[in-house]
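Participant: To start, I am sharing the structure in question, which I have written as structure tokens.
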Amino acid sequence: MYCKYVHVDFKYNLNILFTFLLKCFVTNLKHIYKSDSSDFSPLLQTHGNALFLILVLGLGGSFQVGFHITGLSSPSPYIQCFINNSWYDRYGEPPHPQTVTMIWSLIVSMFAVGGLFGAISVKFISDLLGRKKAMICNSFIAVLAAGFMLTSKNVNSFEMIIVARFLFGYSAGLGMNTHLIYLGEISPRKIRGIVTLTSATFTSLGKVSGRAFGLSEILGREDTWDILLSVAALFSFVQIVMLPFFPETPRYLLIEKGDDKACKKALQSLWGQGDYQQEMDEMLTEQAAIEAAPPVSLLQLLRDRTVRWQVITISIIYCCNQLSGMSTISTFTYDIFLEAGIPKKKIRYITLGLGVAEILTSLTCGLLIDLTGRRPLLFGGYGVMSACWIFVTVTLNLKDSSYWVPYITVSLMVVFIVFFCGGPGGATPTLNSELFIQSNRMASLVLTGLQRWFMFAVMGLVFPFLIDALSSYLFVLFASACMLGSLYTFFLLPETKGKTLLEISEEFKAITVCGKSFAEETRTETRL
């Protein structure tokens, strides 16, 4: 009986804590959406297990992505040393530096390659197993990856690290997308937006956790780097243990399984006792609307000339985000600051500060979006980011002139992160729903997801070679990508704030290049 009461109290206190954090989050969203706090009352006053489920899903979902993006930065010198020693023990001679760089690049990029395959397979696996079983199986993959990572050191095999990174990536790509689907299907329509936004919060928490665990006082040491890279699997194990006690998503039970009793029972378990007939009717209405206007495929979206400028716009913005250098700061922080002349012992603490700056800026970005609109944040953010990289190139070349110059480089990095998270990084996620109608959104999400993981893989593979070949002048490439994004969004992107989809579509149709537009070509083809 004592254990039972302890379990209930722990769960109750955890719900109270998570409710408090969500209230803080909702306070910011009230300013963003200018909505009354009662709009979110079902979330804040729930008597069910929804808040606890959101926490469990987050730890096994998007938290994993954030952790593995930043977790590799701190132990990077130890892993490269391990590669060198493993090669020497195996072949009796030290490897060529280019060989070590290639193996290190594969270790970094395999996470993104696995994420790409995971994102592609999410629809098939989640439909085949259901949302809950898909998340549980995904967590088993993360635990398996941790097994490979922990074994690699004992058997002296860097190949096992590559396999582990691929499995971690596959688990992250599958888990993040299934996590979003799960959140969208457990929440009532009125609060679906805020529930889904918790995914981004857990990604940021994962990034900070990866940097925090990488401190030398915790796990950022040569004898514990394999444990550091496996820590995230502990949270996946928590999900394996806890998730079976929660219901499948109500929408999946009603739409896919046709079990209205199980759907009602799931809603009551999550949100407390009630009739929920209105929510179930809304699910059926939404499904009927989807069937009336079925989502287009990716190929159909690319062939549709009426949305050609929208596709070009969102593709260029996502590519500029990936080529802006933000992903490399997260993954290769140690290498960048070492190149900048920062003492090795201080690098890990500086990277933790960067993570805190990223979270604080992300939380306040919503207010800026509502006040200024999307377009100024995009072209202004890209412009400042480009200037930051130019000055970073200058300070890197002057790093030996004075002891304080490397810290100017760090300050420029902080400014870069603030303007990325408060500009393109915060404004880009809203563009998908503002540029495309409902039937096109799924295909556009697939397109941007493929671009994000592919570019992440390419940057992870080539960055170590580029920094060796170009040294400080590498950042001129990042500055050029940011400047391209700034010029494109300034001259061609219409402002979406306060406009309907029809108004935005008409502004895109009015864009002409050399006196021609895609809309005119479409009308010509129709007449022919």
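Note that Cβ sites are derived from N, Cα and C of the backbone, with glycine treated the same way.
What TrEMBL says about a protein is an automatic prediction, not a curated fact.
Dumping what TrEMBL says about this protein:
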DOMAIN    54-497  domain 'Major facilitator superfamily (MFS) profile'
TRANSMEM  50-69  transmembrane segment
TRANSMEM  102-122  transmembrane segment
TRANSMEM  134-150  transmembrane segment
TRANSMEM  162-182  transmembrane segment
TRANSMEM  227-246  transmembrane segment
TRANSMEM  349-369  transmembrane segment
TRANSMEM  376-398  transmembrane segment
TRANSMEM  404-422  transmembrane segment
TRANSMEM  443-467  transmembrane segment
TRANSMEM  473-493  transmembrane segment
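For each listed feature, how buried is it and what is near it?
Facilitator: In the predicted model, the domain 'Major facilitator superfamily (MFS) profile' (54-497) has a mean pLDDT of 87.
Within the chain carrying the transmembrane segment (102-122), a Cβ under 8 angstroms from the stretch's Cβ atoms is held by residues 65, 68-69, 72, 76, 79-80, 83, 134, 158, 161-162, 165-178, 181, 331-332, 449-450, 453-454, 456-458, 460-465, all 6 or more beyond its ends.
Same-chain residues lying 6+ beyond the ends of the transmembrane segment (134-150) with a Cβ under 8 Å from its Cβ atoms: 57, 60-61, 64, 122, 125-126, 128, 160-161, 163-165, 167-168, 170-171, 174-175, 178-179, 182, 226-227, 229-230, 232-233, 236-237, 239-240, 243-244.
Non-local neighbours of the transmembrane segment (162-182) in the same chain are 57-58, 60-62, 64-65, 68, 103, 106-108, 110-119, 121-122, 125-126, 131-132, 134-135, 138-139, 141-142, 144-146, 148-149, 152, 196, 199, 203, 229, 232, 236, 249, 449, 453; each lies 6+ residues outside the stretch with a CB under 8 Å from one of its CB atoms.
Among residues of the same chain six or more beyond the transmembrane segment (376-398), those with a C-beta under 8 A of the stretch's C-beta atoms are 317, 320, 324-325, 339-340, 368-369, 405-406, 408-409, 412-413, 415-416, 419-420, 422-428, 471-473, 475-476, 478-480, 482-483, 485-487, 489-490, 493.
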Participant: List, by number or range, the same-chain residues at least 6 past the transmembrane segment (227-246) whose CB is under 8 A from its CB atoms?
Facilitator: 49, 52-53, 56-57, 59-60, 63-64, 67-68, 71-72, 74-75, 132, 135-136, 138-140, 142-143, 145-146, 149-150, 164, 168, 171, 206, 209-210, 213-214, 219-220, 269-270
Participant: Other than its close neighbours in sequence, what residues sit by the transmembrane segment (404-422), given a CB gap under 8 Å and a spacing of at least six beyond its ends?
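Facilitator: For the transmembrane segment (404-422), the nonlocal Cβ contacts are 324-326, 329, 336-337, 340-342, 350, 353-354, 357-358, 361-362, 364-365, 368, 377, 380-381, 384-385, 388-389, 391-392, 395-396, 398.
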